[in-house]
Amino acid sequence: MGEFDFIARHFRPLAGPGAMELRNDGATMALPAGEELVLSSDTMVEGLHFLPDDPAGTIARKLLRCNLSDLAAMGSRPRHYMLNVSVPLGRHYDEAWFTEFAAGLAADQKQYDISLLGGDTTGSPSPLMLNVTILGSVRRGQVLRRDGARAGDGVWITGSLGRAALGLQIRLGKLATGDTSLVEAYRIPTPRTGLSLYGIVSAAMDISDGLLQDSGHIAEESGVAITLFEEKLPLVPEVAAHMTTHREIILLGGDDYELLLTCPAASEDALQAHCRQHGVPLTKVGMVTEGKGVTMLDRQHAPINFSRTGWQHF
Ligand SMILES: [Mg+2]
């Protein structure tokens, strides 16, 4: 039983058109006329991005969904993905684990209409490392970017904040509550695919490292300042209930995979109508102004001083 049998058993059933059943050195991908390729890549490392005892199926789905979220932020329709897996030898990542992992991939392939194009599998002395490169397409020149925010634009986010961050706290034993929906939000994010925001929003990205830090990326790329209002942030009741004890984790927490958008006043109606039409909750949380940096104002409109800015990768 070598690498080839392993790939054949678990990954060949996931292969789509262009993958040629994973029997060649590479794959092909066709693009509709007038569209260009959009690529994004995300790596998940055991112990950093997921816990060793998280269910294999949800790890698979989160891996795909982080990547799907990046394509959503680019305004791109997802089509295929490449998968690279480095498996630590002699651990619990066995046949049964990968059967469940592949079933998770299969479920989301169906849900998001994507398929596997290829990848690589190796053994490794390191923790389990999973990498997906996702391939999508967009009408040529119509990709969404981070550098278009202008003073006077509103700052908007989809969905709600803090559920995944609290879910992680529960998994780490730092928050005791019987609310399993928070852990579920941590394990299986909901990428905002399927929206068509080109020509409506001025800048876009997805919130993976926390609202404050990610707003900083748009501010910096666009050469503007952003002011966020704590009182405007959309929090579901299960999250708001923990604001007195876990405020900073809720306000800075990562893993939301919601969209962070800036929108000129003239397009606000179009933005709201589009999101309503797609059943995506949308909230205006701040303003773009001239200047630099990101400020979050508390309910008394005083700047909040945080002890950190958000998730640090290094
Ligand atoms: Mg991103």
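Cβ coordinates come from backbone N, Cα and C, glycine included.
Nobody curates TrEMBL annotations by hand; they come from automatic prediction.
Cross-referencing Asp5, Asp53, Asp54, Asp70 with the Mg(2+) 4 binding residues that TrEMBL gives (Asp25, Ser40) picks out Asp70. Among the binding-site residues Ser41, Asp70, Asp206, the residues whose Cβ lies under 6 Å from any atom of ligand 1 are, in sequence order, Asp70, Asp206. Spatially close to Asp70 (Mg(2+) 3 binding site) yet at least six residues away along the chain are Ser40, Asp42, Ile134, Asp206, judged by Cβ distances under 8 angstroms.
For Asp120 (Mg(2+) 1 binding site), applying a Cβ distance below 8 Å and a minimum sequence separation of six or more within one chain yields Asn84, Val85. For Gly119 (ATP binding site), the count of additional Cβ atoms within 10 Å of its Cβ stands at 20 [all protein chains shown]. Looking only at Cα atoms, Asp25 (Mg(2+) 3 binding site) sits nearest to Ser41 among the binding-site residues Ser41, His49, Arg146. Of all the binding-site residues listed (Ser40, Ser41, Ser208), Ser41 has the fewest other CB atoms within 10 A of its CB.
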